[in-house]
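Student: One structure, as structure tokens, below. Some questions next.
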Amino acid sequence: MSEPEGGGGGEESLEPEVNSALLNSLPQDKKDSVETFITVTRCNSVEEAIDKLESVGWNLERAVDLHLSGESFPVARDPMNGSENGLSEATRVPQQGAGVVVDSGGPRNSSSSRPSTLFQMTVSFFLAPLRALIKAAASLLRLLFLGPRSVSRPRIEVARRAAREFAQQFESEYGSIHPTFFQGCFLDALNYAKQQFKFVLVYLHADSHYLTPDFCRDVLTNEQVVGLINENFIFWACSVNSAEGRHLQTSFRATEFPFVAVVTVAQGRRNAQVLESKQGAMESDELIEFLVQSLERHGEILNQARLERQRHLETRQIREEQDVAFQRAIEEDRARLEAAAQAEASRKEEEARLEREREEAEKERQRLERRRRLKMEEMEPEPVKGDSDVVVVAIRQPDGSRIERRFKKENTIRQVFDWVDIRGVDIDKIRLVCNFPKRHFDYVEDGHWKLCEVDQGPHLVFFVEDK
């Protein structure tokens, strides 16, 4: 409720704080919707914006459409209780200076609160053209402020086709020397210009205007104009007879022709922003001056956009380099750990192998020791020297050393091998060789031979030979 004049200063000073508190109490998505609604509709009250958005289930596009078209917002109220909490709402009084009485929640007499049917029909008849114009403007504002998501795909395709047809018609009437037309819808041109760090130069073409032929023939085909536009702008044109052309004519408030406007997209948003416009009769030098001044006045917008893009690219590059370095470090650590694990595994495997070899060698040593001890116990005593049935057996080893022992001539080669085994020679790996005549004796295959069968003499000499 507004305070009477002279007594409202305290509440007015608190209004920004109240609005800020209301906004901050909302989730981020609803906060963004409220801010966008206020920006588009110029609504000054956060509370009013919240009420309207709540009444349409926070459908931002519908709320903007209802507000700009002048239609009534639905009332979210429990029909049984009169309000959401079951209590009747307090009656509101007219706000001072507003000139509008806001509806109260209490009951009213139908004869006094509703206009007559005849009055409704009369008002509707006279307001119908105005409502149609408001709806057209609302559609365009949705296009400009809410972005391309609010435009259906068929509408976009129609707009793109209209732009292409206009470019073809212009070239057929005025020749091939002209600025390069961007053959897409207005939003396509905005997005492309944003990527190229250029402004969009919009030309609204009125076929029936008496200045249009001269402007197209003498100005838009001027080589200096063509060069300046192609180098510095994205040139987009359409006829005001097309749907998109009519929308833009209303939005840009184009009342005279020819009409040109320098348009951009606000940084960080999708809203179209008209920076400069010029309408009415103009010569080539006037258009060139207008374009040059527009670039001088607003070129910093493009510079800031380039710097922002450069900062973004540098930040992304740094992040990517950091990611690559991080991944490389991870891979190096992994490789180092794998190499260390492999080296440790190899070391343990080698240790296990050596341990097995030691165990096997120890087992073999113990086996030979038992075998030789048993053979020593079973070995016959050495015969007395000088007996006629005694033969002296000499064994010459590979290192040149020589060992001798007396055997009976009836003893076998196997017994000689056992004696050699007791003296520490591994008989599993050798053969005994005699030269006259040369023969090779194996422990297993030839052990049955008697010494007297080898030689009848009193001496026998054998050489140790590896198998």
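Cβ atoms are placed via backbone N, Cα and C, with glycine included.
Relevant sequence annotations retrieved from TrEMBL are reproduced here:
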| type | residues | note |
| --- | --- | --- |
| COMPBIAS | 1-11 | compositional bias 'Gly residues' |
| COMPBIAS | 104-114 | compositional bias 'Low complexity' |
| COMPBIAS | 345-367 | compositional bias 'Basic and acidic residues' |
| DOMAIN | 386-464 | domain 'UBX' |
| REGION | 1-20 | region 'Disordered' |
| REGION | 81-114 | region 'Disordered' |
| REGION | 341-367 | region 'Disordered' |
Student: With DSSP as the yardstick, break the domain 'UBX' (386-464) down into helix, strand and coil residue counts.
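Tutor: Counts, helix then strand then coil: 17 helix, 32 strand, 30 coil.
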Student: Under DSSP, the region 'Disordered' (341-367) has how many residues in helix, strand and coil?
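Tutor: DSSP classes over the region 'Disordered' (341-367) add up to 27 helix, 0 strand, 0 coil.
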Student: Mean pLDDT for the domain 'UBX' (386-464), as a whole number?
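Tutor: Mean model confidence (pLDDT) across the domain 'UBX' (386-464) is 91.
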